[in-house]
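Undergrad: Okay, here's the structure, questions in a sec.
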């Protein structure tokens, strides 16, 4: 299959390079799938955890914004936000555990199993960790864990590092960590699951950003009416 894909790409003209690139991506994905048993229980659990987590926090946060029932149940929006944040952290620990178990239960890729690639994985872990930690320090706990849905709004948009160099650095830092973890383990299963993590985060961003912008627009409108 690898030889076939290579031969196909060599036959394309310069005008067909985008099509060749698409076919090359398809070949890479096909090769990865050759290492992965999609029905293996640990893999299925990892997929479910990856998909469920953003779905959970978006559904709960929007429900809270609409009804304020969590804030009423816990007596304050801050306590409710801390509770949801704790639940999200526990779910993320579970997701990472499922991700690791899925990798360990399936074959390694020999071409990734060498010191140079291993150090690339370590570098990605470091970069991802910096983005995640610096995002948390810039936003604080409530800013990180959907405090704006609880009415806990910041005075202004955060523009300090890492937001000065990257939009949604928490999501992309997390993705880099998973990618580095997969590379360190020379795991095609991990690479495939990382692609799913990135895809789910992109979908989450599409839904979250307009809603968050609307929340702050409502805040600005209310402040204007009071002035």
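Any Cβ shown, glycine's included, is placed from N, Cα and C.
All TrEMBL annotations are machine predictions without curation.
Quick paste of what TrEMBL says about this protein:
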- 126, 127, 128, 208, 209: S-adenosyl-L-methionine binding site (BINDING)
- 41-61: intramembrane segment (INTRAMEM)
- 1-40: topological domain 'Lumenal' (TOPO_DOM)
- 62-73: topological domain 'Lumenal' (TOPO_DOM)
- 95-121: topological domain 'Cytoplasmic' (TOPO_DOM)
- 143-185: topological domain 'Lumenal' (TOPO_DOM)
- 207-227: topological domain 'Cytoplasmic' (TOPO_DOM)
- 42-60: transmembrane segment (TRANSMEM)
- 81-104: transmembrane segment (TRANSMEM)
- 116-146: transmembrane segment (TRANSMEM)
Undergrad: Rank the binding-site residues 208, 209 by the number of other Cβ atoms within 10 Å of each Cβ and report the first-ranked residue.
TA: 208
Undergrad: Under 8 Å between C-beta atoms and at least six residues away from its ends: which parts of the chain pack against the transmembrane segment (81-104)?
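TA: For the transmembrane segment (81-104), the sequence-distant neighbours (Cβ-Cβ under 8 Å, at least 6 residues beyond its ends) are 40, 42-43, 45-46, 48-50, 52-53, 56-57, 60-61, 64, 70, 74, 141-142, 144-147, 150, 152, 178, 181-182, 185, 187, 189-190, 193.
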Undergrad: Report, as a single number, how many Cβ atoms besides its own are within 10 Å of the Cβ of residue 128 (S-adenosyl-L-methionine binding site).
TA: 21
Undergrad: Could you count the residues of the topological domain 'Lumenal' (62-73) that DSSP puts in helix, in strand and in coil?
TA: 11 helix, 0 strand, 1 coil
Undergrad: Among 126, 127, 128, 208, 209, listed as contacts of S-adenosyl-L-methionine, what is the widest Cα spread in Å, to the nearest whole number?
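TA: Pairwise Cα check on 126, 127, 128, 208, 209 gives a maximum of 27 Å.
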Undergrad: Which residue, of the binding-site residues 126, 127, has its CB surrounded by the fewest other CB atoms within 10 A?
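TA: Minimum Cβ neighbour count within 10 Å, taken over the binding-site residues 126, 127, occurs at 126.
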Undergrad: How do the residues of the topological domain 'Cytoplasmic' (95-121) split into helix, strand and coil according to DSSP?
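TA: Tallied per class, the topological domain 'Cytoplasmic' (95-121) gives 20 helix, 0 strand, 7 coil.
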